[in-house]
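A.B. asks: Annotated ATP binding site per TrEMBL: Gly12, Ala13, Gly14, Lys15, Gly16, Thr17, Arg124, Gly169, in sequence order. Feature annotation from TrEMBL assigns AMP binding site to Thr33, Arg38, Asp59, Leu60, Val61, Gly82, Phe83, Pro84, Arg85, Gln89, Arg130, Arg141. According to TrEMBL, the region 'NMP' annotation covers 32-61.
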Amino acid sequence: MGEAVIFLGPPGAGKGTQAARLAEELSFKKLSTGDILRDHVARGTPLGLQVKPIMDRGDLVPDDLILALIREELSDRVIFDGFPRTIPQAEALDCLLEETGTRLLGVVLVEVPEEELLRRMLKRAELEGRSDDNEETIRRRLQVYREKTEPLIQYYEKTGALRRVDGLGTPDEVYARIRAALGI
Ligand code: AP5
């Protein structure tokens, strides 16, 4: 039987940072839709050319493209980072987990206030130059999160899978809270 963890939260909350550490320590595969898409953009693939303007605006890539990537990359011990992000994605994932007999260990919601999210992403723009880390696009990403992704909080609250974690503090402190919240 497979096992999965989902990381949910606004842009800049630390999902990628924490998912990478948990995946390494548990020997799970980290499946980050954002990383896969950025890799396509960097390689200039047809998918990359299609999604680049969408990502640069801070909008979401269409669900059918994302679900095709997930089907390709799914593994039996997996940590999802940045997926699902819409209710249709969450419903499709439920079907996929059921089909593959995969147990959801928990949905970690990393909560960070908006001023801190902005601070972290602007700092990353200085260091790494990620093309969607400019103030205008960050504001759009936050708005899209509120409109399209926040409804997932209630979705997973209803199933009892949601684990709220305070994302402020050092990465080590946040990581310890995540392990405690998942009971692992
Ligand atoms: P994606 O790559 O998923 O970006 P995001 O959700 O906007 O998240 P970030 O990567 O900005 O933040 P994070 O929460 O992972 O934090 P991180 O660990 O990096 O998506 C990008 C785009 O791809 C989307 O806008 C969309 O267009 C498309 N896309 C992706 N998935 C999609 C989907 N499922 N459906 C449709 N479209 C999709 O940390 C942020 C920064 O803070 C880093 O610099 C880090 O070093 C720092 N940091 C981390 N933890 C701490 C801490 N505790 N204290 C201080 N700094 C910290």
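Glycine residues also receive a Cβ, built from the backbone N, Cα and C atoms like all the rest.
Heads up, TrEMBL stuff is auto-annotated, nobody curated it.
Each of these features: where is it, how hidden is it, and who are its neighbours?
C.D. replies: Secondary structure from DSSP puts Arg124 (ATP binding site) in a helix.
When other Cβ atoms within 10 Å of the Cβ of Thr33 (AMP binding site) are tallied across all protein chains shown, the result is 22.
The predicted model assigns the region 'NMP' (32-61) a mean pLDDT of 98.
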A.B. asks: Going along the chain, which residues six or more apart from Arg85 (AMP binding site) have their CB under 8 A from its CB?
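C.D. replies: Thr33, Leu60, Ile66, Lys148, Thr149, Leu152 - these are the non-local Cβ neighbours of Arg85 (AMP binding site), listed in sequence order.
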A.B. asks: Checking distant contacts: for the region 'NMP' (32-61), what same-chain residues at least six beyond its ends satisfy Cβ-Cβ under 8 A?
C.D. replies: 16, 19, 69-70, 73, 81-83, 85-86, 131-132, 136-141, 143-144, 148
A.B. asks: Within its own chain, what residues at least 6 apart in sequence put their Cβ under 8 Å from the Cβ of Arg130 (AMP binding site), listed in sequence order?
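C.D. replies: Listed in sequence order: Arg124.
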A.B. asks: If I restrict to non-local contacts, at least six residues apart, and a C-beta distance under 8 angstroms, what lies near Ala13 (ATP binding site) in its own chain?
C.D. replies: Val110, Glu111, Val112, Leu117, Gly167
A.B. asks: Take the region 'NMP' (32-61) and count its residues per DSSP category (helix H/G/I, strand E/B, coil), listing them in that order.
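C.D. replies: Helix (H, G, I), strand (E, B), coil: 23 helix, 1 strand, 6 coil.
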A.B. asks: Using a 10 Å cut-off on Cβ-Cβ distances across all protein chains shown, tell me which of the binding-site residues (Lys15, Arg124) has the largest neighbour count.
C.D. replies: Lys15
